[in-house]
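In what follows, a single structure is set out as structure tokens and then discussed.
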Amino acid sequence: MNDDLYFYILLFIIVLGITYLPVIGSYFRLFNTLIHESLGHALVARLTGGRVVSISLFQNTGGLAVFQHHWFGRVITVFCGYPVSSLMSVVVIYLITQGYFEEIALGLFILLIYVLIFWVRNLVGWLWVLSVIGGLTAVYIYAEQRYFELLITVIGITILTQAFASSWGIFMLSVFRNRQAGDAMLLAEATKVPAVIWGTVFMLQGTFFFIIGTMIFFGYDVINLI
């Protein structure tokens, strides 16, 4: 990507701006919510022996995964939302830099179909998932390859930046309004460890993965730097 460095810097900035526009910004930010709720919570719940009841996606970019679990499994499942979305953002960015656009789209398509059938249980969630499936399919079939690759890149940047932003959001809530601090508050209630501690952990991991993902996106050899 070094030959097109200025283009990708500009694209990065544009995507940052788009994600905070009304309507379209919320639409794209739901990609991170999808990963947070489906892979970070629902999948982890299943892998640790729990039962997933439903996933809801909301217009305000929030999400809710409802599951049934024993105490330890519940703690692990609640904790994994932010780290899994941060880790997956780096994975997606790495695959983009390696040119695996179709593979990313296929993985996203499979995830969307699965959550649509088994987990998503609210109208906004259904409409969003169906629109993404239709949009990705249409762009892949009818648009030029470069526009398909650009769309996947925009989605990847959105996931990376929103995983970072949401980790800071939960940290700020845990400091100033801990009763509204979502996963951090749920963990505090389950473990008696203050919400601000969990919020700090989420913020630190989110910042770490964001730095790694950004460096990968702009062509740095992260392994050698570490």
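Cβ atoms are placed via backbone N, Cα and C, with glycine included.
TrEMBL entries are annotated by machine, without manual review.
The annotation transmembrane segment is assigned in TrEMBL to 6-28 (among others).
Sequence-distant contacts of the transmembrane segment (71-97) (same chain, six or more residues past either end, CB-CB distance under 8 Å): 1, 32, 35-37, 39-41, 43-45, 48-50, 65, 103-104, 152-153, 155-157, 159-160, 163-164, 166-167, 170, 183, 186-187, 190-191, 198, 202, 205-206, 208-210, 212-213, 216-217, 219. Positions annotated as transmembrane segment by TrEMBL: 71-97 (among others).
What TrEMBL lists as transmembrane segment is 104-120 (among others).
Per TrEMBL, the feature transmembrane segment maps to 126-143 (among others). Residues 27, 30-31, 34, 57, 102, 105, 108-109, 112-113, 115-116, 120, 151 of the same chain lie 6 or more positions beyond the ends of the transmembrane segment (126-143) yet place their CB under 8 Å from a CB of it.
The feature transmembrane segment is assigned by TrEMBL to 150-176 (among others).
Among the features that TrEMBL reports, transmembrane segment is placed at 196-220 (among others).
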